[in-house]
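**Q** Handing you this structure, nothing more for now.
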Amino acid sequence: MTDKRKDGSGKLLYCSFCGKSQHEVRKLIAGPSVYICDECVDLCNDIIREEIKEVAPHRERSALPTPHEIRHHLDDYVIGQEPAKKVLAVAVYNHYKRLRNGDTSNGVELGKSNILLIGPTGSGKTLLAETLARLLDVPFTMADATTLTEAGYVGEDVENIIQKLLQKCDYDVQKAQRGIVYIDEIDKISRKSDNPSITRDVSGEGVQQALLKLIEGTVAAVPPQGGRKHPQQEFLQVDTSKILFICGGAFAGLDKVISHRVETGSGIGFGATVKAKSEKANEGELLSQVEPEDLIKFGLIPEFIGRLPVVATLNELSEDALIQILKEPKNALTKQYQALFNLEGVDLEFRDEALIAIAKKAMIRKTGARGLRSIVEAALLDTMYDLPSMEDVEKVVIDEAVISGQTKPLLIYGKPEAQQASGE
């Protein structure tokens, strides 16, 4: 590097790019028979920065998966629920397309489309939201609506949701503003009755009111690094209009509200259309006919429903669907336990009748896919406890009798003569 000095021959040095002498610039950087001044270095940096800004949006746009690609990715992890996947794929694609192209297109302001998922426990609502966030590589956080209260009351403030999202991305505001928030048990904050009450409902309608602005879009002031709020503190400003909110709930009893509306429309008394019990719609079919007026009768306020324009309904999982969930997805439960046993150098086999028994047990418990893990865990608990202390075990076999609790898993040892059933 040369700094305002002549070379060994006493010759004056010049920048090879702009032609300025060493006396006209602060620094000259020497290369093989060439020199560049600090001003030209700054200019090069500016040019590169501008090019990066121009190229970045195009890269982002090309990186956004299409609705078909989103649906295909969901298929790898979530069994069934095809209508819900389609609705989610379109809604998520449109949301991130709006972010990547600005909030306006040709002067038309693009509205925000948050999502409401309605379906029974264990039908895949949370898994769908998590899978979407993983595909899009955006921060994701979950909140339980039952713990939320209005500001000033004992409980969790709604702005804590944004704080959790910031924690997921090390308080990077730009990343957080592209994240996904899933609010579970949203049906539990329904109004206690159809008519507005003069008494304060801090965990029901009050929470809906508090969530309105957050979901629609506001600038939330969040204390940095999870500190408590106080007047002298500088807050992080997070624009929630760019955050995708997905609300989910079981909405137990909503099918009866819909059924009443549908059946009332078909007439009553002598002019009514009489339907046999077998002809009446099941819960899944009824939920797919949900209208805003049904949600209002259930206890959600009209303003809150208006902030969740995209509604997707999920059906209760059938026995066949539960069997598929056990073995087909990329992170299927049986594959997870097989990987766990492989770490001990042991193979794990689930017989087909065992999978059927697990699914039947989950159907009886009415826990959906969520209950599958606890059933498998209970069946394998003793084996997982003993296995690390045992030698020469090559394989563990799970059949129907193991799931029903009649026998323990079959342990197959390396030496044929040592083959025996555990616990015999």
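From the backbone N, Cα and C atoms, a Cβ is placed for every residue, glycine too.
For reference, Swiss-Prot lists these features for the protein:
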{"type": "BINDING", "residues": "C15, C18, C37, C40", "note": "Zn(2+) binding site"}
{"type": "BINDING", "residues": "P120, T121, G122, S123, G124, K125, T126, L127", "note": "ATP binding site"}
{"type": "DOMAIN", "residues": "2-56", "note": "domain 'ClpX-type ZB'"}
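What's the neighbourhood like for each of these?
**A** Listed in sequence order, C37, E39, C40 are the same-chain residues six or more apart from C18 (Zn(2+) binding site) with CB atoms under 8 A from its CB.
Neighbour density for L127 (ATP binding site): within 10 A of its CB lie 20 other CB atoms from the protein chains shown. DSSP classifies L127 (ATP binding site) as helix under the three-state reduction.
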**Q** Compile a sequence-ordered list of residues in the same chain as G124 (ATP binding site), six or more apart from it, whose Cβ lies below 8 A from its Cβ; state 'none' when nothing qualifies.
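**A** Spatial neighbours, sequence-distant, of G124 (ATP binding site): V78, I79, G80, Q81, A84, L314, L317, G368, A369.
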**Q** Nearest to C15 (Zn(2+) binding site) by Cα, among G122, S123, K125 (binding-site residues)?
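**A** For C15 (Zn(2+) binding site), the spatially nearest of the binding-site residues is K125.
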**Q** Can you tell which of the binding-site residues (C15, C37, C40) has the fewest other C-beta atoms within 10 angstroms of its C-beta?
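**A** Comparing Cβ neighbours within 10 Å for the binding-site residues C15, C37, C40, C40 has the fewest.
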**Q** Restricting to the chain of S123 (ATP binding site) and a gap of 6 or more, list residues whose Cβ falls under 8 Å of its Cβ, or answer none.
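**A** Q81, L314, N315, E316, L317, G368, A369 - these are the non-local Cβ neighbours of S123 (ATP binding site), listed in sequence order.
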**Q** Which three-state DSSP class does G122 (ATP binding site) fall into?
**A** coil
